Amino acid sequence: MQSELTLIEQVKLGKIWEFPGGINPPERKSLSNQTEIGNFTTHTLYIPIQQHIGVAGSLLVTKGESVLKGQALTSPGEGLSLPVHAPTSGVISDIIDHVDAHPSGKTVLTIVLEADGKDLWVNKNPLLNWQELDRDTVVKHIQAAGVSGLGGASFPTYVKLSPHKNIDLLILNGVECEPYITADDVLMRYHANEIVQGAQIIQHLVAAKLCVIAIEDNKTEAIASIEKALADVADIELRVVPTKYPSGGEKQLVELITGLQVPSGGIPADIGIVMQNVGTSFAVKRATIDGEALVSRVVTVTGERVKNPQNLWVPLGTPIKTLLQNVGYSPEKTPRLIMGGPMMGFNIVDDMMPVVKSTNCILAPSNFHLPERGVEQNCIRCGQCADACPAELLPQQLQWFAKADEHEKLKEYDLFDCIECGACAYVCPSQIPLVQYYRIAKSDIRQAEEEKLKAEKAKRRFEVRQERLERDKQARLLRHKESAEKRKKALAQDGSAKDKIAAALARAKAKKATSENTDDLAASDTPQDKVAAAIARAKAKKLKSSKVSVDNSADSTPEASLETSLKATDTAPTTNPNKDRVAAAVARAKAKKLAKEEQEKVKNDAELKNETDHKGHADAADKPVSEAQVDKTLTAAEERKAKVAAAVAKAKAKKQKAAADEPNQEPTLDFVDKASAKISNEDKKRSADDERKAKVAAAVAKAKAKAKKQATESENSTNTSDKETPDLNVADDLSQTPEQIRKDKVAAAIAKAKAKKNANNDTDNGSNNS
Amino acid sequence: MVSVFYALSALVLMALIFGAILGYASVRFKVKSDPLVEQLDQLLPQTQCGQCGYPGCKPYAEAIANGDDINKCPPGGDATIKLIADLMGVEAVSLDAAHGEEDVKKVAYIREDECIGCTKCIQACPVDAIVGASKVMHTVIVDECTGCDLCVEPCPVDCIDMVPLHTGAANWKWDSLVIPTKTVA
Amino acid sequence: MSLLTNMFVSSPHGNLGLTTNQMMRIVAYATLPGLAAQIYFFGWGSLIQAILCISTALIAEAVVLSLREKPIRRTLSDGSAMLTGLLLALSIPPLAPWWIAVIGTVFAIIVVKQLYGGMGFNLFNPAMAGYVVLLISFPVAMTNWLPPTELLQHPMAFGDAFLAVFTGFTYDGYNLTQLKMSVDGITMATPLDHFKTEQILNYTTTEILNSPLYGEYGGTGWLEVNLAFLLGGLALLKLGIIRWHIPVAVIGSLGVCALLGITIAPDQTYPLSFSLLSGATMFAAFFIATDPVSASTTNQGRIVYGCFIGVMIYIIRIWGGYPDGIAFAVLLANMCVPLIDHYTKPVTYGHKRRREAKS
């Protein structure tokens, strides 16, 4: 019988269905629904730029700008995005990272607005003829007004208003099943007409054949008010549902009104239904017919610790502290503030959190009426949780699996169908925080899946790269083979060529012998260069062989290599300035690396010796001292060499063009900044070429700074290490310095970049201060 | 004596029959699963960093299949060690510190001011996550970077940093909240 | 910017308020009518056993908790050890020697409950497992049930019972075998036991039921005890501590089996009321089988679990070696619980087709 009726026909029959489970906690709504909605204003507003699910918008305003009420402060970004608007007229005093209305307490970019008290609206742009306009226009208008789901999820409304599926039914959710909250209740009582108008707009946009407004049976005045408003309206009907938590959940309300279940992983639009909160409907009406952006909302400020619990029209961005001060809030010994209701709200950890689009309630309960949960005990498998679950899950099993991190089982038991309503944890006699376990498990599973995807991608890329390298290698081999054969053929044909080839081969061999261990130093053209290069090569070769033979004596290697590279650059003449500079930078970096390597080696030895010392304490005193000495000599030598290197580079840079400012012999980190700054300041007058010079000098100065720092660090360590347990100290300090080297580098680079930016800004005559 | 002979032959016959059935079943009903190396490779994090001592994750997976220690992978961390232990049926040991420490997820960042366009890091990256060519600016594609650290060494001007990924409210994990959950008895 | 609290709490922020400790206590209170009936009809022995078992249980649990380095006072106050002791005390003969109670309780608490991981982790019902260990190890002591007081040859006061439990003899010097004699000089056993032995001797049902051991609907004394436990069980149902699935399933399936038996062989099986109101049937249906930790967790599963117990009780009574097979039936069912749970998983929202209208 039922399958023959369409959805609309069935709904029109007026049946109210049921969902399993659910609980009936004490409602405590009479605290706050006795008065009309008050108005609230405050001086300072903190407006986060993201108050919705999706991507944040980009700033349109700057610090110090004056704005009017309803003026857009951000423009929507790409993808799922909404703008935010100024809730009142005033001046933007700051744009900072301020605490977000989020359980983590983390910060988000926030616009701080100081109200000027005049509350002037910007030019409103109403769409009075919305019925004749193109649907897309109206939807875009609603997006530009910043309307998002005011029921708590804050999903951008414009997406729901442009479904790509056939919609039969629009449900307006006025159920408000959570205890304490009465925001929708009073909105329906006093603004029923506007809500109905909004419903008509939405119904038109989604082309739904029928609209149903659902209200719980404990809101008698609201029901009467809506009935009155629906008196002459066609295609919108009222449905009263029995009071039960969580009837107001989207999935549960769909089941109540239609008897259908939203498919797992899907949305109601999949079965031809769109649901909106009554508050959202009101906001849609205000945006369309009155041209007002979403700048304030009804917030229930309630709880037994509040002297005057009530509903208020609160401008978005009002800090909670301000709101509470005005309603007579007196905290308990351990203050307890909840944003949202007692079942799904989160604890407020910082009372400067602002009211955002999704804030429907600020709750300050007393411990007597809403006792804190007890300490968690073992699960006794009583099954009350499964009886309460509206989604027919097995919370008990989910809890076992969540505690054991069994992701496969969790997916098998449909963890992601949990709506986190909290009914299970509410009834649990063992006080287990079930929903918390599920949230943790869900985020763990999501993260694991993301990582798996990333790993798959990385693996694929790796494999493709291996294939490519293999292909290239094969191609190269093939080419070699072909050219070899060609040569052979040519040789066979032309006898005289053989002699030429032999001569060439001999030359090549000779060259190879001397250029075994060449670095990529400047390949110069003049004979002087060649000689110098050859000498350098020879020295380098000697160096490497000596390095291999020497066991852990760190003295000679870094300075020697430094010397070599220095000499090579010294003797190379200035015909290729760029290459020289590059070479110098490369040489510096190499020296640094070698020095680091040596230090690592020494550190490793120190650690090894630590281990061996555990067995034989006798030699404890001697070894670290000797290493410290080695250290000393190492760093002292390096310091000297670094100084020399710096001076050389300086001289070269000078030789080129206009002089740069020289860093002096005592480089500190600050001075490196200053040096870089000075250098880059003078860039104004020079060409791009000189900038490279400056870079080199800066790099050199950096290297020196690092060397100096290493020297001072290890000297400090050697001083202290003589007295006490030497092994550990030496090891520790040695391990610190590479880290510090990195930090120094970063700091120096940042400083350089800053200075450069400053220089650029000056030339552009911009006024931006970062 | 004869009864013993009967008993013995009966048992032997039964053993042969059941043995034959079992043998047939083990061939006919064999469950086709991935070879062990593939399964191990699936568990490894695919950063291809080489910290385990092998040039990539697949070679390490092969080594584990041949009996190598399972605790050499720092990017995988203790979670991966546990999974490998479950698969291999060996005991899960803690991460071998000689191969590195488990750290927060990092990605490489090239300080473009200092890059000289030498392509050494591009050649070093095992997943081709660095864009660039000779004498042209090099940049790391953050989404593809596995944080393996192999590009830092070859850079001659040392302009690559490893920076941790940013965690904001969007990718914040719920278990950062410490809930006082103590199970009793 | 002020940080309000250092303790992070998650939603939901309230709780129904019925804690595990309260639940255990309410179950204990619900056994009191049954305990009272047992004392009235079978002497003070049950009370002494109850006190003995509860104290042993608490001491044993405290010892193990201190070994496990868990908080002792908090765990003991959750009432589960006390309840285990009480349930075991109600199952063993009133005049069983004191060491029976001690051994049984110690086994139940330490081995069956704590070694498996403590409350919530035990696979088997601790009281029943303890009972089975006693029954198998000390069959004679465990089957020394007293006849109802009205049939006793040697009436007993509290002091007699106390002495009997701790020394084996009453004040007047009678031992248990003598105490078991009825006014007619016949050694009495429980009605079920008696029925079984008579059956083996090939008496028919009608003949057996003529004995003064049996009242109109069941064994003398035992009928009232069962009714008292039924009362307590109904109170638990009303309070929502237990759900109807298991008791209804146990009693229902037992009843169905009994009816089947009567239809097929009326002369060799118990009458219906006797099946349901003798031995520890009601006690088992409402207090033993409903132990949440060892029972099935899904509602459908509970029905299957209850049916299994009911059928097993009947089978063991008729064809098994023991007169009352409740303990074994419950333990066997405990073993089947993981399988039952796996196959009776409800279908989650969004995973099934259109539901039926329910208005």
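First residue shown is number 1, and so on along the chain.
Positions of Cβ are set from backbone N, Cα and C atoms, glycine also.
Because TrEMBL annotations are produced automatically, they should be read as predictions rather than curated entries.
Going by what TrEMBL states, the [4Fe-4S] cluster 3 site holds B:Cys145, B:Cys148, B:Cys151, and the candidate of B:Cys125, B:Cys159 recorded there is B:Cys125. B:Cys118 ([4Fe-4S] cluster 2 binding site) falls outside any helix or strand according to DSSP and counts as coil.
Each residue contributes its Cα atom, and for B:Cys52 ([4Fe-4S] cluster 1 binding site) and B:Cys121 ([4Fe-4S] cluster 2 binding site) these two points are 20 Å apart. Straight-line distance linking the Cα atoms of B:Cys145 ([4Fe-4S] cluster 3 binding site) and B:Cys49 ([4Fe-4S] cluster 1 binding site), rounded to a whole number, equals 11 Å. Residues 48-50, 56, 141-142, 144-165 of the same chain, all 6+ positions outside the domain '4Fe-4S ferredoxin-type' (B:106-135), place their C-beta atoms under 8 angstroms from a C-beta of that stretch. The Cβ centroid of B:Cys125, B:Cys145, B:Cys148, B:Cys151 marks the [4Fe-4S] cluster 3 site; residues of that chain outside this set whose Cβ lies within 8 Å of it are B:Ala108, B:Cys121, B:Ala124, B:Pro126, B:Val127, B:Ala129, B:Ile130, B:Val140, B:Thr146, B:Gly147, B:Asp149, B:Leu150, given in sequence order. Broken down by DSSP into helix, strand and coil, the domain '4Fe-4S' (B:32-90) contains 29 helix, 0 strand, 30 coil. Remark: B:Cys118 ([4Fe-4S] cluster 2 binding site) has B:Ser134, B:Cys155, B:Pro156 as non-local neighbours, by Cβ distance under 8 Å and separation of at least 6 in sequence. Excluding the listed site residues B:Cys115, B:Cys118, B:Cys121, B:Cys155, the same chain places B:Ile110, B:Ile116, B:Gly117, B:Thr119, B:Lys120, B:Ile122, B:His138, B:Cys151, B:Pro154, B:Pro156, B:Val157, B:Cys159, B:Ile160 with Cβ atoms within 8 Å of the centre of the [4Fe-4S] cluster 2 site Cβ atoms.
Taking H, G and I as helix, E and B as strand and the rest as coil, DSSP gives the domain '4Fe-4S ferredoxin-type' (B:136-165) the counts 0 helix, 7 strand, 23 coil. The helix, strand and coil residue counts that DSSP assigns across the region 'Hydrophobic' (B:1-26) are 25 helix, 0 strand, 1 coil. With respect to Cβ neighbours within 10 Å, the binding-site residues B:Cys115, B:Cys125, B:Cys145, B:Cys148, B:Cys151 differ, and B:Cys115 shows the lowest count.
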